[in-house]
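The structure appears right after this line, and notes come after that.
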Amino acid sequence: MKHLLVIHTGGTISMSQDQSNKVVTNDINPISLHEDIIKQYAQVDELSPFNIPSPHMTINHVNDLKDIILQYANTKQYDGFVITHGTDTLEETAYLLDLLIDIHSPIVITGAMRSSNEIGADGLYNYISAIRVASDDKAQNKGVMVVFNDEIHTARNVTKTHTSNTNTFQSPNHGPLGVLTKDRVQFHHSPYLEASYPNINDSLNIPLVKAYMGLSSDIFDFYSTQGVDGIIIEALGQGNLPPSCLKGLTQLIQQKVPIVLVSRSFNGIVSPLYAYEGGGYQLAQQGLIFSNGLNGPKARLKLLVSISNGLNYQQIKTYFES
Ligand code: ASP
């Protein structure tokens, strides 16, 4: 039987609904009370370094998770790691850990859309699924995975797509890495593994701007006075911006602020194709970096990691384009 370390961080999976239907935090994590079921799948040790809803999660919390995992990975006493987490920022924690940690053992993150005492609660089921994946020999060398609703996803591609549906986690463009059936864990694909870097500096200021029809220069004018360390723009379509925002953007370009473009479209990747004013071709000529298929919050984490580890412009560009 495999020996796993479980790290509970809070979120709906650890919460309950009260009599007035409000979802509230518990002092004792209800998921831990199911020892008899859990021990059928793995030998599990548990830690609860914090018990917070995932909108309260910060870079420092994720860095603490990284330190815990690396500390125990060094002791080689565990075959894998499972993290329980709120779903709102789960994909960000998963991806940031993926960028910061390079170990062979499985790291699996899960959560729940329904709190522990709701009808059809999915927490225990997802938790056991995560334990099953983390215990599977085929889960080695797959980077950080998200297991939810009988599917296995890569941290890089997964995103929360629905506010309340239990099938919320999906991987646009890619589909799941694998599935769980009642009796087996089946991987369909091999993940694309990115280079990882050890450091993260939580004091860097990298805002995320979403483009829309008629976006003005104001937001970029403002950021050009803030000493920002980088900017992520969720651009239109394949990576285009309205001409009305270009004056402000030019100031940031002149300040040599690294600017990374992703698309506000749910599927597809950005490409520097269009040659009209504000089109991707022009933006690339001015030095904007086109990301290879990340969403805005994840591109922000990747730029944070890039800058925290001292990558220069060309290295950041290569990292994003790879
Ligand atoms: N708001 C909750 C959280 O992220 C949602 C969840 O856990 O599903 O903590």
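Every residue gets a Cβ built from N, Cα and C, even glycine.
Taken from TrEMBL, the feature domain 'L-asparaginase N-terminal' applies to 4-191.
Secondary structure at THR12 (active site, O-isoaspartyl threonine intermediate), as computed by DSSP, is helix. Annotation source TrEMBL lists active site, O-isoaspartyl threonine intermediate at THR12.
TrEMBL lists THR12 (among others) with the feature active site. For THR12 (active site, O-isoaspartyl threonine intermediate), the Cβ neighbour count at a 10 Å cut-off comes to 26, with all displayed protein chains included.
According to DSSP, THR87 (substrate binding site) sits in a coil region rather than a helix or strand. Sequence annotations record features per position, and here TrEMBL assigns substrate binding site to SER54, THR87, ASP88.
Among the features that TrEMBL reports, active site is placed at THR87 (among others).
In the predicted model, the domain 'Asparaginase/glutaminase C-terminal' (206-320) shows an average pLDDT of 97. According to TrEMBL, the feature domain 'Asparaginase/glutaminase C-terminal' maps to 206-320.
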Least surrounded, by Cβ count within 10 Å, of the binding-site residues SER54, THR87, ASP88 is ASP88
Rounding to the nearest whole angstrom, report the longest C-alpha distance spanning SER54, THR87, ASP88, listed for substrate. 7
Which chain neighbours of the substrate site, leaving out SER54, THR87, ASP88, have a Cβ atom within 8 Å of the mean position of the site's Cβ atoms? GLY11, THR12, PRO53, PRO55, MET57, HIS85, GLY86, THR89, LEU90, GLY111, LYS160
Quick one: Cα separation, THR12 (active site, O-isoaspartyl threonine intermediate) versus ASP88 (substrate binding site), in Å? 10
